[in-house]
Amino acid sequence: MDRIIEKLESGWWIVSHEQKLWLPYGELPHGLAANFDLVGQRALRIGEWQGEPVWLVLQHRRHDMGSVRQVIDQDAGLFQLAGRGVQLAEFYRSHKFCGYCGHPMHPSKTEWAMLCSHCRERYYPQIAPCIIVAIRREDSILLAQHVRHRNGVHTVLAGFVEVGETLEQAVAREVMEESGIKVKNLRYVTSQPWPFPQSLMTAFMAEYDSGDIVIDPKELLEANWYRYDDLPLLPPPGTVARRLIEDTVAMCRAEYD
């Protein structure tokens, strides 16, 4: 699936190493390969954006390597492809040898996979399903400040799905563990690939059922009910958390304005 890049090759360039992106001038490289010293490099076509190919190059650059978070404010489709590139680059880097027999592996030519020629084992990129849920109580939404994000941002609750657990069960468990409350009338909203490092966010809205807020101090600094027109600092646009909050605010405005 990969090929040697030629002088006149053009498109969007995802140059990635160890979960970092090359972002000259703070942007994804776009244009001719020759303009970015990529001629002769091996590249993998991982998609298309606005009629142009998106290429993945597994390479470290000495300068301007940054997080894919830096392009989160770009169009959702381009951010998604950048995330795909970073995740695939890390997958290929971390699966050079077979976990069963220890022999070297090689990329599949037909799908995103690594193959072992010795024991015939096949590996696919790991995807970790997560739930994220906006909880409404009359004209208010439950927002929390997470221990791992000490930047003042308040967001909705989220967590990983455990083995043998449905998405609905994961919502109920995570909400109870982190905030001590029960929810009802759960409704699926949307999903978002989230390459930090390889999550798939499944987004829900729910209504408060019962209980008082009792936070898990290992997960949260604080949590509280916030009226829809008096909210704290929120996650940035482009995140599924921000969409859930805005959808909840819109519902509250329709009822209480």
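Yeah, the Cβs are placed from backbone N, Cα and C, and that goes for glycine too.
As annotated by Swiss-Prot, substrate binding site applies to ARG69, GLU111, TYR124, GLN192, PRO193, TRP194, PRO195, PHE196, PRO197, GLN198, SER199, ALA241. Annotated Zn(2+) binding site per Swiss-Prot: CYS98, CYS101, CYS116, CYS119, in sequence order, evidence recorded as sequence analysis. Marked as divalent metal cation 1 binding site by Swiss-Prot: ALA158, GLU178, GLU219. The feature divalent metal cation 3 binding site is assigned by Swiss-Prot to GLU174, GLU178, GLU219, with sequence analysis given as support. According to Swiss-Prot, the divalent metal cation 2 binding site annotation covers GLU174. For 125-248, the entry in Swiss-Prot reads domain 'Nudix hydrolase', with the evidence type sequence analysis. Annotation comment: Swiss-Prot describes 159-180 as motif 'Nudix box', evidence class sequence analysis.
Feature map: Swiss-Prot annotations on the structure.
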| residue | record | DSSP (3 states) |
| --- | --- | --- |
| CYS98 | Zn(2+) binding site | coil |
| CYS116 | Zn(2+) binding site | strand |
| ALA158 | divalent metal cation 1 binding site | strand |
| GLU174 | divalent metal cation 3 binding site | helix |
| PRO193 | substrate binding site | strand |
| GLU219 | divalent metal cation 1 binding site | coil |
Helix-strand-coil residue split for the domain 'Nudix hydrolase' (125-248), DSSP-based: 22 helix, 55 strand, 47 coil
Extra residues within 8 Å (Cβ to Cβ centroid of ALA158, GLU178, GLU219), divalent metal cation 1: ALA144, HIS146, LEU157, GLY159, GLU174, GLU177, SER179, ASP216, LEU220
So which other residues, same chain and not among CYS98, CYS101, CYS116, CYS119, have a Cβ within 8 Å of the centroid of the Cβ atoms at the Zn(2+) site? GLY99, TYR100, GLY102, HIS103, MET105, SER117, HIS118, ARG120, GLU121
Most Cβ neighbours within 10 Å, among the binding-site residues CYS101, CYS116, goes to CYS116
What's the most sparsely packed of the binding-site residues CYS98, CYS119, ALA158, counting other C-beta atoms within 10 A? CYS119
When you average the Cβ positions of GLU174, GLU178, GLU219 for the divalent metal cation 3 site, which other residues in that chain have a Cβ within 8 Å of that mean position? LEU157, ALA158, GLY159, VAL175, GLU177, SER179, ASP216, LEU220
What same-chain residues, at least 6 away in sequence, bring their CB to under 8 Å of the CB of GLU178 (divalent metal cation 1 binding site)? ALA144, LEU157, GLY159, ILE215, ASP216, GLU219, LEU220, ALA223
